[in-house]
Amino acid sequence: MTKHYDYIAIGGGSGGIASLNRAASYGKKCAIIEAKHLGGTCVNVGCVPKKVMFYGAHIAEAINNYAPDYGFDVEVKKFDFSKLIESRQAYISRIHTSYNNVLAKNNIDVINGFGKFVDAHTIEVTLADGTKEQVTADHILIATGGRPYRPNIKGQEYGIDSDGFFALTELPKRAAVIGAGYIAVELSGVLNSLGVETHLLVRRHAPMRNQDPLIVETLVEVLAQDGIQLHTNSTPSEIVKNADGSLTVRCDGQSDVTVDCVIWAAGRVPTTDKIGLENAGVETNEHGYVKVDKYQNTNVKGIYAVGDIIENGIELTPVAVAAGRRLSERLFNNKPTEYLDYSLVPTVVFSHPPIGTVGLTEPQAIEQYGAENVKVYKSSFTAMYTAVTQHRQPCKMKLVCVGKDEKVVGLHGIGFGVDEMIQGFAVAIKMGATKADFDNTVAIHPTGSEEFVTMR
């Protein structure tokens, strides 16, 4: 007999889990279909393990770059990479347990299998043993997330992707990270800090090109200072496996790069191609992203989508969580106008040092408001944590303001501790704070964040 639910999520990542937990709190009968591990990309091969690796790299930096000038004579006889991985995976396992406990408490059924639409209200699930079962629901959420992109070039199979990075059991001596986005920059920083000879290959003139120019310029400066070898205007045309097991990355018009490990970090694609969207009549664009309106509705009544798979979305875990919860509020808690405002979403890149940003870059503000209506404030200093050492690191910040009242429409920073500064400022900017509001806030000294309220 086919089991019927009020609400089903295909995909047990952050967005699906958040939406179902909220729906269940209103007494709805829910099920989540997940083919791999609960938590999706974020918990298993994304935010969580990435942040653990960031912290591990941070400790290595403290020992190697800063400890001597703070009076610590530290000698690390051995770095046990396997211990770091063991600790990381144990932490992830505890998160899995927590998810299972919360879902069980909320009486949400967890169906371990691969879900595929049969029609607009029916999903066929292929279980681990190969058997199939069908479930139906009044409301279905597509939350299948994304997967790493690999280019179609000769030898691409010799490289690993970001998922493969988190499957490494030992560190390579030399690595080439291919990509210009935040994933590539973050992985490069981790590898370099842990002692790997690291090459970062980007297609154009710099990584993170969509960031504010001040951030991009400073990032490039720090990459060079820290020893990451940046290869610009480098588009791989072939990966060659050599007799000694090493890999050579060949780029048109550029020098070859020979390493022990190649990591593809050149973007992600939506995991929507095998879930039978055509059977339900759900529309996607030419790249497989699901078309939705501001309420997360697809073109098919009763089918919704959140997270990395939606067209023109923001591929961040908190965005999927927020959209999923608001969707359940609208569907099951009598809030028909509830939706997520996708503007002014704060973001952080866990580079070395980290980047934090919310709102418009200076070029974006000029394009939107006109140069005559934009005023920019900047600050440049050395992070105090590093200022007392020989390994000084820059910290740079910018406020982008518009109009006579100088409304703050953009805030950007790169430097030690910036990742933990941005959240509160995002609240202020979301509320419409002006430069005068920032000026009227007493600074906390000595901190990096005080620069945002003392710029002139």
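Using N, Cα and C of the backbone, Cβ positions are placed for all residues, glycine too.
Sequence annotations record features per position, and here Swiss-Prot assigns glutathione binding site to S14, Y99, R325 based on similarity to another entry. The FAD binding site annotation in Swiss-Prot covers S14, G15, E34, T41, C42, K50, G115, D308, T317, H445. Residues annotated as NADP(+) binding site in Swiss-Prot: A180, I183, E186, R203, R209, G267, E315, V348. The disulfide bond annotation in Swiss-Prot covers C42-C47 and rests on similarity to another entry.
Put simply, of the binding-site residues S14, E34, Y99, G115, the one whose Cα is nearest the Cα of R209 (NADP(+) binding site) is S14.
Comparing the binding-site residues S14, T317 on other C-beta atoms within 10 angstroms of each C-beta gives the minimum for T317. The closest partner of C42 (FAD binding site) among the binding-site residues, by CA position, is S14; the full candidate set was S14, Y99, I183, E186. Here the Cα atom of G267 (NADP(+) binding site) is found 15 Å from that of C47 (disulfide bond). Under the DSSP three-state reduction, E186 (NADP(+) binding site) is assigned to helix. Proximity to C47 (disulfide bond), defined by a C-alpha to C-alpha distance within 10 angstroms, is shown by the following binding-site residues from S14, A180, T317, V348: T317.
DSSP assigns C47 (disulfide bond) to a helical segment in the three-state reduction.
Nearest to E315 (NADP(+) binding site) in space, judged by Cα atoms and limited to the binding-site residues S14, Y99, R325, is S14. The binding-site residues recorded for this entry are S14, Y99, R325, and the Cα of S14 lies nearest to that of E186 (NADP(+) binding site). Of all the binding-site residues in the list S14, I183, V348, the shortest Cα-Cα distance to G115 (FAD binding site) is found for S14. When the Cα of V348 (NADP(+) binding site) is compared against those of the binding-site residues S14, E34, Y99, T317, R325, the shortest separation belongs to T317. Its Cβ taken as reference, G267 (NADP(+) binding site) is surrounded by 16 other Cβ atoms within 10 Å in the chains shown. In terms of local Cβ density within 10 Å, R325 ranks first among the binding-site residues R203, R209, R325.
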